[in-house]
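Structure record follows, encoded as structure tokens.
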Ligand code: IMP
């Protein structure tokens, strides 16, 4: 039985929601392994739109187990309200269908406040975060002062954890001109929500190993995109977790041999939200057109996404780092009607040709894209369900993308509707 990891292979927003939903129908277990409610996953099922942030996409499908792994950072108040909203849409969520790792770090209100206060210090340059406290919570995890799900079960431990965290945070807050945290109010708020969260708490590493041994199909649902990875992304304009496929194992407590297929989600052009380098960004009518046709607005913050041509050099790089076996190419229809389409194949830096994006920030900023031009197509590709439905020039574009990134297309998505998909390889059956 194959277990599949889905990761974004660009800067996030590649259209993972639809692909994950398609795969989750075939899976028994759907697990989130990193990130938090900075993610915005939109699922359209039978015309009904579901918007998820922290919950794994499997929750909207009956009979599946959804897992929030230890690699995630979890805002308990946000989770409770997300569960309430999704229940209002008729979805059933119980401790039998949702499991949260006991060792998952919790996002506190002071994490969000710190995130936003830092972003307001414009003098040192902002990252453009979602302001949801993701980075500060991961910092506390590594700094050994985070409050974890299991800590909610014991009053003495909880108070100790809060006191340890506040020694650090109140000092920081004083420096940023923020009021100290009201310790007793925080503990009361945590006690009030503890029962809601603890009903889902479990030793996820153990359950996942048992499920794997029992031959259950596991889908690891990545959030964000590889270029936002804390190690391999465009640092410091990144998120604070490892988002690449290797994290799937660590983020739930399985060994790396649990992963059989890595599916990279790749948009047929490039977008990015927030600050940071973006070599193929367009500031002209073509960029506007990609944004308008692609509805490129952030689902979490509503920000307009920056848009540009497809960057094959970057995707080649992320395919290598995540060990991507096949890609799901999304939003090809947004390119319909362009007379010519550009693909970035590499960069020029100080007169030298490069086939990858260098690590140093100043070099990234100086890299200029090398483009090749491909003939566009005037026909619509929206809703295509077989190769025969695609114009020849669109097929040529897809084949050229495959060649340049060194990875085959496993799936091609041609609209937000789940059936508008051309399947080449079923990752679970590969
Ligand atoms: P943070 O994850 O809120 O710390 O934000 C860090 C960077 O990651 C910012 O550039 C965000 O715009 C970006 N980011 C975080 N989550 C997502 C996502 O789900 N899609 C796209 N970009 C994201």
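In case you wondered, yes, glycine gets a Cβ from its N, Cα and C as well.
No curator has checked TrEMBL annotations; they are predicted automatically.
In the shown protein chains, 26 other C-beta atoms lie within 10 A of the C-beta of residue 13 (active site, proton acceptor). If you look up TrEMBL, you'll see 13 marked as active site, proton acceptor.
Feature annotation from TrEMBL assigns active site, proton donor to 41. On its own chain, residue 41 (active site, proton donor) has 16, 17, 20, 51, 52, 53, 57, 221, 223, 299 as residues at least 6 apart in sequence with a Cβ closer than 8 Å to its own Cβ. Under the three-state DSSP scheme, residue 41 (active site, proton donor) falls in the strand class.
Listed in sequence order, 73, 105 are the same-chain residues six or more apart from residue 141 (active site) with CB atoms under 8 A from its CB. TrEMBL lists 141 with the feature active site.
Under the heading GTP binding site, TrEMBL lists 12-18, 40-42, 305, 331-333, 413-415. Counted within 10 Å of its Cβ, the other Cβ atoms near residue 18 (GTP binding site) come to 25, all protein chains included.
If you look up TrEMBL, you'll see 13, 40 marked as Mg(2+) binding site. The 10 Å shell around the Cβ of residue 40 (Mg(2+) binding site) contains 18 further Cβ atoms across the protein chains shown.
A coil conformation is recorded for residue 15 (GTP binding site) in the three-state DSSP classification, outside any helix or strand. Among the features that TrEMBL reports, IMP binding site is placed at 13, 14, 15, 16, 38, 39, 40, 41, 130, 144, 224, 239, 303.
What TrEMBL records for 299, 300, 301, 302, 303, 304, 305 is substrate binding site. DSSP classifies residue 305 (substrate binding site) as coil under the three-state reduction. Around the Cβ of residue 305 (substrate binding site), the same chain contributes 13, 271, 272, 273, 291, 296, 297, 298, each under 8 angstroms and 6 or more positions distant in sequence.
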Rounded Cα-Cα span from residue 15 (GTP binding site) to residue 40 (Mg(2+) binding site), Å: 10
Whole-number Å value for how far residue 12 (GTP binding site) lies from residue 303 (IMP binding site) (Cα to Cα): 14
Cβ neighbours of residue 130 (IMP binding site) where a neighbour is any other Cβ within 10 Å: 26
Candidates near ligand 1 among the recorded positions 13, 224, 299, 304, judged by a Cβ under 6 angstroms: 13, 224
DSSP state at residue 130 (IMP binding site), helix/strand/coil: coil
Binding-site residues listed as 12, 15, 302, least Cβ neighbours within 10 Å: 302
